[in-house]
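Annotated features in TrEMBL:
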| type | residues | note |
| --- | --- | --- |
| BINDING | 13, 14, 15, 16, 17, 18, 19, 20 | ATP binding site |
| DOMAIN | 6-185 | domain 'Guanylate kinase-like' |
Ligand code: ADP
Ligand code: 5GP
């Protein structure tokens, strides 16, 4: 039997669908799941602090990270750069923790390619386009222009659903969270993730 290995939980879905809401709940409830803090060139929102939600850097620093091969994946998303540091994944997996990545479809595909056994690919879908718009507006964090761009990009992102092992429609939050936990709990029982001696 193989040694127990942590999983890389990849959560993807259009902006405003509820990824952060679901992820925050999960990392709060599960001590064995670390949230991967991404690096981004996006400006911080009023409720965000550096190194909590993201590591906020300028484009020059981001370029240096790329040149130094610091990223396990990176992508240009809605006009800003976002990336996951290799060291974040390494640290979590070495400590036998599971790590949760909230990444776009480009990042998701890069992680799936590099870690086909460790990645658990979960797509969060909105009930419909109007509800997605309502959530983006209701969140009150982005300008009209930014919201329009994110809604347009949502149409392209939805085409990637088939590349994910699981998809959850985040209509009722409690139900979506219940299913998310069900997936994580089940994945933990995969033979490749168990440690067992007889
Ligand atoms: P994302 O991280 O995918 O961009 P957020 O988690 O920031 O999305 O959620 C966007 C907004 O939608 C937030 O205001 C959040 O409270 C709200 N929201 C999340 N899930 C639901 C749901 N199931 N029903 C209604 N509103 C939701
Ligand atoms: P936001 O600006 O709303 O925080 O995030 C916008 C988009 O960037 C979301 O779809 C989110 O999943 C994606 N994103 C956040 N961090 C990363 C990352 O490290 N890599 C990639 N590829 N996408 C990310």
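Counting begins at 1 with the first residue displayed.
Yeah, the Cβs are placed from backbone N, Cα and C, and that goes for glycine too.
By the rule that a residue counts when its Cβ sits under 6 Å from some atom of ligand 2, the binding-site residues 14, 15, 20 yield 15.
Each of the binding-site residues 16, 18 was scored by other CB atoms within 10 A of its CB, and the lowest score goes to 18. The record gives 13, 14, 15, 16, 17, 18, 19, 20 for ATP. Within 8 Å of the mean position of their Cβ atoms, the other Cβ atoms in that chain belong to 124, 126, 132, 135, 170. For residue 14 (ATP binding site), other Cβ atoms within 10 Å of its Cβ number 25. With respect to Cβ neighbours within 10 Å, the binding-site residues 15, 20 differ, and 20 shows the lowest count. Residue 19 (ATP binding site) is surrounded by 20 other CB atoms, counting those within 10 A of its CB over all protein chains shown.
In the predicted model, the domain 'Guanylate kinase-like' (6-185) has a mean pLDDT of 97.
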